[in-house]
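Features of the protein shown, as given by Swiss-Prot:
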- S25: active site, schiff-base intermediate with substrate (ACT_SITE)
- S25: pyruvic acid (Ser) (MOD_RES)
- T57, G73, A74, A75: substrate binding site (BINDING)
- Y58: active site, proton donor (ACT_SITE)
Amino acid sequence: MFLTMMKGKIHRATVTEANLNYVGSITIDEELLDASGILPNEKVQVVNINNGARLETYTIPGPRGSGIISLNGAAARLCQIGDKVIIIAYALMEEKEAKQWQPKVVFVDEYNKIVKIKEKEIHGQTE
């Protein structure tokens with residue numbers, strides 16, 4: 001049996017662009033993609049902390065070190081510049097692997113610069 005497990009997460013990123021006239025996707029600073037283990041073109045869930053909206057899209061790498069988090073296409077209707085979002089990728093794995101799995105959780109500051117990287121989440125802690 002395969003389980004769907006959190007693979008990587010970028011926590012409380014700030015939306016820097018919302019481009020309605022783009023084909024689709026979310027553009028993410030390549031440094032954040034690498035740190036979180038999320039790949040270009042990978043399916044992600046985006047959770048908007050400001051309004052509770054949840055959406056699925058795919059990633060496009062943005063310029064390394066730029067801090068870009070851009071919701072593109074229809075997703076731009078669900079996020080505004082300045083909104084805080086959580087970006088999550090999932091992976092399918094066998095139960096045996098899932099029990100040992102440690103996802104990458106990337107915490108960023110208000111400029112989307114990496115503050116800390118953890119391999120697990122603890123209830124009640126935002127960092």
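The count begins at 1 with the first shown residue.
Backbone N, Cα and C define each Cβ position, glycine as well.
For the recorded positions T57, Y58, counting C-beta atoms within 10 A of each C-beta gives the highest total at T57. G73 (substrate binding site) has a Cβ environment of 16 other Cβ atoms inside 10 Å.
The DSSP secondary structure for A75 (substrate binding site) is helix. Excluding T57, G73, A74, A75 themselves, the residues of that chain whose CB lies within 8 A of the CB mean position for the substrate site are, in sequence, G24, S25, I26, L55, L71, N72, A76, R77, L78. In this entry, T57, G73, A74, A75 make up the residues listed for substrate, with the farthest two CA atoms of the set 10 Å from each other. Around A75 (substrate binding site), taking its Cβ as the centre, 22 other Cβ atoms fall within 10 Å, counting all chains. Following the DSSP three-state reduction, the secondary structure of the residue listed as 'active site, schiff-base intermediate with substrate' is strand.
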